[in-house]
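Dumping the structure here so I can ask a few things about it.
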Amino acid sequence: MPTREIRHPLIRHKLGLMRRADISTKNFRELAQEVGALLTYEATQDLPLETYEIDGWCGKVSVEKIAGKKITVVPILRAGIGMLDGVLSLIPGAKVSAVGVARNEETLEAHTYLEKLAPDINQRLALIIDPMLATGGSMVATIDLLKKAGCKEIRAMVLVAAPEGIEVVEKAHPDVKIYTASIDQRLNEHGYIVPGLGDAGDKIFGTKQKDA
C-alpha cells in the first residue's frame, strides 16, 4: 500500500518548528505530541461507524460510534513514547503495546529487546508510532513481532521518513499503511534522515543530541 505524506498546513507548520537546531526539549516534546495527534486523525479516517440510539435532551436521537476492531497503540521505544500522549488524546480507550527495538550503530541492524503487547492484540488494529522511519529496520522488526502475535491489521505513523526506509518496509510488508508528516530527502552515511529532525529520542528526553 502506498505511503501517505500528510501535507496539512498545521502539520507542515509544526514540523518546520521541530526542525530548528535550537529547539528546546519542552517545545520538541509538545510538537511531537501535536503532530502525532494530527497524524492519528488522518490514519483513522476510514474506521467503520455504526448507528445507535440515545436519550437526548429532546427525546431519542440516532448517533454514531466507531464499530469493528478495537485499537492498540504501539510505541517503538524509546522515541515513540514522545508521540503517545497525542495519539491517546484522540483515542483514550486504546490499549498500549510497547515494543523496544535497538539499532546497532555500526551495522544499522535492529533487534527487539522488549515486548509488552495487549493480550487480545490479534483482535485489534495496531497503530505503530515512531518519530523516525530511517533505515526501516526497527519498523520491520516491530511489524514482524506484531504479525507473529496474530495481529492482522497494522498501520504506522511517523513524523519523518526516508525514501530508503519506506522502500524497505513496503517491500517486507506491502499490506501495512504508512502515514508520515514528511518524506525527506535521504539517509546520510550514518543512517540518519536528511534534513530530518536530529536524534528525536534525545530531543524528547533531553539527553545528549547528535548531529544528523
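Including glycine, each Cβ sits where the backbone N, Cα and C put it.
Pasting the feature list from Swiss-Prot:
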- R78, R103, D130, P131, M132, L133, A134, T135, G136, G137, S138, D199: 5-phospho-alpha-D-ribose 1-diphosphate binding site (BINDING)
- I193, G198, D199, A200: uracil binding site (BINDING)
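For the listed features, I'd like the structural context: burial, neighbours, distances.
The 10 Å shell around the Cβ of G136 (5-phospho-alpha-D-ribose 1-diphosphate binding site) contains 25 further Cβ atoms across the protein chains shown.
In this structure, G198 (uracil binding site) belongs to neither helix nor strand by DSSP; it is coil.
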Give the distance between the Cα atoms of D130 (5-phospho-alpha-D-ribose 1-diphosphate binding site) and I193 (uracil binding site), rounded to the nearest whole Å.
14
If one measures from the C-alpha of R78 (5-phospho-alpha-D-ribose 1-diphosphate binding site) to the C-alpha of A200 (uracil binding site), what distance in angstrom results, rounded to a whole number?
9
Would you work out the biggest C-alpha to C-alpha distance among R78, R103, D130, P131, M132, L133, A134, T135, G136, G137, S138, D199, the residues that bind 5-phospho-alpha-D-ribose 1-diphosphate according to the record, and give it in angstrom as a whole number?
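Between the most distant Cα atoms of the 5-phospho-alpha-D-ribose 1-diphosphate site, 17 Å.
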